[in-house]
Ligand SMILES: Cc1cn([C@H]2C[C@H](O)[C@@H](COP(=O)(O)OP(=O)(O)O[C@H]3O[C@@H](C)C(=O)[C@@H](O)[C@H]3O)O2)c(=O)[nH]c1=O
């Protein structure tokens, strides 16, 4: 397994070892001891999966009082995945990092608690899977507007294409508002 640091401390790309043979391939997607050695010493309490079509954008989501660490991956297709640092006191507070996660590459992103997270689907369809370190608390969740100017995520959206959003995500908050009233991380 390879751990690839990102410009944001604690945010890690993980490349598990993939064993290929004539049948296909095999990999361990999580293993307590090895991931702990990589610094991911959290207890995971929930696994999630979503399915989305091309052009779907989910995000940028976070929980305020119950921040979730997320180990995210794509098991079919390809997405551009983004994490925004909302950790108060962090040198990179408000910075974002994005990378392509794909089923073909089998790479993962470890997003520690204290980040907003979202992704944009690049393939025809995508199955997205992730482990979380805290439970879903719908009353506690919040979302930053995906195209907020102050965050400035450079989403790889082809010109003149329609971005598929939930009603909730269309009404995400401006970062400036969350940095004062919502960021209790
Ligand atoms: C996230 C979540 C949703 N749900 C339900 C609520 C709702 O009816 C339905 C769809 O929820 P959402 O629209 O919030 O799903 P989605 O937009 O996929 O939300 C997810 O987006 C990505 C980017 C994340 O980082 C996740 O933590 C999560 O916020 O599923 C749960 O039951 N448990 C959960 O953990």
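Cβ coordinates come from backbone N, Cα and C, glycine included.
What TrEMBL says about a protein is an automatic prediction, not a curated fact.
Keep in mind the model is a prediction, meaning the values are calculated, not measured.
Features reported for this protein in TrEMBL:
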ACT_SITE  61  active site, proton acceptor
ACT_SITE  130  active site, proton donor
Euclidean distance between Cα atoms of residue 130 (active site, proton donor) and the residue listed as 'active site, proton acceptor', Å: 14
Among 61, 130, which are active-site residues, the residue with the most C-beta atoms within 10 angstroms of its C-beta: 130
